[in-house]
């Protein structure tokens, strides 16, 4: 009899209702500890409003309509909430930077949600505290609707790490009526594999998009993010596990250009933090993060998922909601590569080079020239160069070349060859991610390290 079900305990708060430690909130395999969330007054959730009228200084608003009415909040704008994760705070630079970027491209109520009173705790405690924060956000959204007639479909919640699951809880409590939730590397421990009630899932909003950047297992790799698909669209940049630029050595990372605190954060959780950096970059680069529908990153890297399907490719990040098929299915997976430093956007091209001239061993490189700019030289092939053979590769250019007007070909082999062989490209075909094809031709051959320009055939 003693082994019977133990009645769970619960805590209740007047505005927000009751929180129990019953299953699935606690006492399940993924969350064995029976822990209750802290009180709303301890967590002290705050809403920091940035607007086009005051882009650099926030106004503190609450779910009381008088504070909203006396602020720069406008009901004819979308409202985007940005929610930080574990140990973080609402005044951290990245949240304000995200608002700043949003205010450059749109008229918006941008609200940074600060819950540092609940995020700076033992991790298992923080995972319970998010339930109260989610309830606070839902209460705020409900107040906007009941007091100002503001529709939840105009609300977009962007959450990083634990903040993704705060967004999920707020969405669940508003019955999935919120317009959009974006999960930026949703936290894995205590959430991966749990029932949908506990974590972010596609029923939490009309549209849910997710960026996965740190999907390695928490043990032993310390991957903080979920590898599980939890949205309508799930993006896996660079495969979703190891982000380029995150493998720097410890000292260079900590004494980073952004100062000790940013550097230390980047060292401890570089992959995990990349998700919000990609999102911020995407706001100002509407075409720079095309995601390709694919079964896996290996398949994508083997050049098997190009170009975009007839409906186009969704853009990872801010403009994911422009994708026509966004809610056709759940858990649609998309892959792409990004840059490794400040400018993360990339544009993918397929290049097919048909060689002419002598048979040699060497490297073939091509650069693209177009209405939007000029790309670097990208290696298309290295090995035995056979005239009449076509070599195909895909590149990720840091420049959106636009309509391609000409291409330049160069080859080298670094072996002294007294016969001075000449190699050329009789044709180069470039395919853009929208499927548009550009063809270029040349009759000439060149010695190594000499540029050959090909013009439209």
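Positions of Cβ are set from backbone N, Cα and C atoms, glycine also.
The signal peptide feature in Swiss-Prot is assigned to 1-7; the stated evidence is sequence analysis. Residues or ranges marked as disulfide bond in Swiss-Prot (evidence: sequence analysis): 12-18, 99-110, 246-270, 294-305, 308-313, 441-457. What Swiss-Prot records for 185, 272 is active site, charge relay system, and it gives sequence analysis as the kind of evidence. Per Swiss-Prot, N-linked glycosylation site is recorded for 343. Residues annotated as domain 'PLAT' in Swiss-Prot, with sequence analysis given as evidence: 347-457.
With helix defined as DSSP H, G or I and strand as E or B, the domain 'PLAT' (347-457) counts 0 helix, 70 strand, 41 coil.
When Cα-Cα distances from residue 343 (N-linked glycosylation site) are compared across the recorded positions 12, 18, 110, 185, the shortest belongs to 185. For the recorded site, residue 12 (disulfide bond), the DSSP three-state label reads strand. Cα of residue 12 (disulfide bond) to Cα of residue 272 (active site, charge relay system): a distance of 34 Å. You'll find the Cα of residue 99 (disulfide bond) roughly 19 Å from the Cα of residue 185 (active site, charge relay system).
Distance noted between the C-alpha atoms of residue 270 (disulfide bond) and residue 305 (disulfide bond) is 28 Å. Checked against residue 457 (disulfide bond) by C-alpha proximity, the recorded positions 110, 185, 294, 308, 313 yield 308 as the nearest. Fewest other C-beta atoms within 10 angstroms, among the disulfide-bonded residues 18, 246, 308, 313, are seen around 18. Counting other Cβ atoms within 10 Å of each Cβ, the lowest count among the disulfide-bonded residues 270, 305 belongs to 270.
According to its DSSP assignment, residue 270 (disulfide bond) is helical. For residue 272 (active site, charge relay system), the nearest neighbour among the disulfide-bonded residues 18, 110, 246, 294, 305, judged by Cα separation, is 246. Neighbour counts of Cβ atoms within 10 Å were taken for the recorded positions 185, 441; the minimum is at 441.
Among the recorded positions 18, 110, 185, 308, 441, the residue whose Cα lies closest in space to that of residue 294 (disulfide bond) is 308. The highest number of surrounding Cβ atoms within 10 Å, among the disulfide-bonded residues 12, 99, 110, 294, 457, is found at 110.
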